């Protein structure tokens, strides 16, 4: 089959989950509900952290950035899917597809970096509490977040430019509900070896850094917690990182199922459904995990609601 240069491609077709009208209506309602809950929850977390000066600490600075990344992450994919269902279309422009790929990779990797940074923050808070303010200075916090944004922006740009260099066959149907890197590579007529090599090297290196940061940080955290003599002290120390551990488990577990499962067990429909877990469900649950498990967030939420009641007519 003759290849077609990318400059002549005008659009791709996102096959999504189903072509049945009734199923699409159910999907539209479900995803719209999850999207609105996700956006409202994450924006509320950001609002609470900004308005409550007691939460102006490194831990909540990182949490606010994670909530922003979650809101942007889901906004990269779900609105386009909802719009396509609404107008009964599967099309996405070529430039729109590459743009979606860029921002998807940016925010998914940013989330991984922020989770690793938050693990380091918990390590310092629990293992070096007397030096916490000195180590986690405002300058370091801003540097860690800024570096995460910049590195992942460049990382995503590299993969998007490499994707732009490929040529595609006549089949432009993507068996997914958004433009992910694996489905796009499978449509290429050109040899994607360079793309796959760069993914293996850069993705493996960044993934290894994040995983090592998580493992080393929490190995030291648990070692320190076990040395605390009182049961109350252990519970208080563990409560500091329990929410973060829950979010890491959700994000990493669902991502691992999609990208690192054996090829023999993978199918397009299965991957699409599994992708929903880490692209939509996990970001939606994160605000609930942090608000339900974190006493300071719950207290700040109550104060915010109380202030609004007082000032309401």
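Every residue gets a Cβ built from N, Cα and C, even glycine.
In Swiss-Prot, the annotation transmembrane segment applies to 273-292, one of the ranges 273-292, 293-312. Both residue 21 and residue 133 are recorded by Swiss-Prot, but within differently named topological domains on opposite sides of the membrane. Cβ neighbour count for residue 189 (disulfide bond) (all protein chains, 10 Å cutoff from its Cβ): 16. Below 8 A, the CB atoms of the transmembrane segment (141-158) and the transmembrane segment (26-49) form no more than two pairs separated by six or more positions in the chain, fewer than 3 in all.
Non-local contacts of residue 97 (disulfide bond) by the CB criterion (under 8 A, 6+ apart in sequence, same chain) comprise 11, 12, 174, 179, 184. When the topological domain 'Cytoplasmic' (50-57) is classified with DSSP, helix, strand and coil residues number 5 helix, 0 strand, 3 coil. Using a Cβ-Cβ cut-off under 8 Å and counting only residues 6 or more beyond its ends in the same chain, the transmembrane segment (273-292) has close neighbours at 17, 31, 34-35, 37-38, 41-42, 44-45, 63, 66-67, 70-71, 73-74, 77-78, 108, 176-178, 180, 243, 246-247, 250-251, 254-255, 257-258, 298, 301.
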